[in-house]
Amino acid sequence: MKRAMGSRSDLTWQPLQPRRIRWSGMGQRPAIAWLTGLSGAGKSTIADAVDRALTEAGRKTVVLDGDDLRQGLSRDLGFTAADRVENIRRAGEAARLMADAGLVVIVSLISPFRAERAAARAIAGDIPFLEVFIDTPLAVCEARDPKGLYGRARAGQILNFTGISDPYEVPEAPDLTLETRDRAVVESAQPLIAALLHLSAIPPGETV
């Protein structure tokens, strides 16, 4: 398997060993769940609940959280449209690399643009990819405002804030839609937990 990287024709993607050998050794298939929604929608909380449930079920997982990415991999980026696009691209590439290693990857990222979410799915290639819309109304997110960001954005202290001064493009056909407004976190997370357990399972007698 070779995958051209960027515009450099002399660089190719070279896996160290066939992916399916790694996956078989881990006893699971990889998958990527891409959680998208407004700030305060409950993405990180859902991601944590799913991560815990899958770990308890014996799955090997990793969570890529937007705040963590901003402090490390994307710390050089701001919140302009171009920087958001690049942040999503980096997250998509990181998710694919981890899934290639056999992990179930849970991405928690506002990722406001449909085109970039589609690009993240394309980066995943043949690895199962679930776009998961955390459907929480703006008013509810503002009422929660755990970080005080909406208040600052309304006061003009934060620019390019999704849902206030920047748009959020609602997914048109997400693989899953989860609501957190009137449900407990564990209840809200159940459909995604079930989907990832199914996708990552290796049926008895079958190879990866």
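Glycine too: its Cβ is placed from the backbone N, Cα and C atoms.
Features of the protein shown, as given by TrEMBL:
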type     : residues                                               : note
ACT_SITE : SER111                                                 : active site, phosphoserine intermediate
BINDING  : GLY37, LEU38, SER39, GLY40, ALA41, GLY42, LYS43, SER44 : ATP binding site
DOMAIN   : 30-178                                                 : domain 'APS kinase'
Neighbourhood of LEU38 (ATP binding site) by C-beta distance under 8 A, where only residues 6 or more apart in the same chain count: ILE110, ILE134, THR136, LEU138, CYS141, THR162, GLY163, TYR168
Residue counts (helix, strand, coil, in that order) that DSSP gives for the domain 'APS kinase' (30-178): 64 helix, 27 strand, 58 coil
Nonlocal residues around GLY42 (ATP binding site), in sequence order (Cβ under 8 Å, 6 or more apart): ILE134, THR136, LEU178, THR180, VAL185, SER188
Surrounding CB atoms that lie within 10 Å of the CB of LYS43 (ATP binding site), all protein chains: 27
List of residues, in chain order, with Cβ under 8 A from that of SER44 (ATP binding site) and at least 6 apart: ASP65, GLY66, ASP67, SER108
Inter-residue Cα distance where the pair is SER111 (active site, phosphoserine intermediate) and GLY37 (ATP binding site), in Å: 7
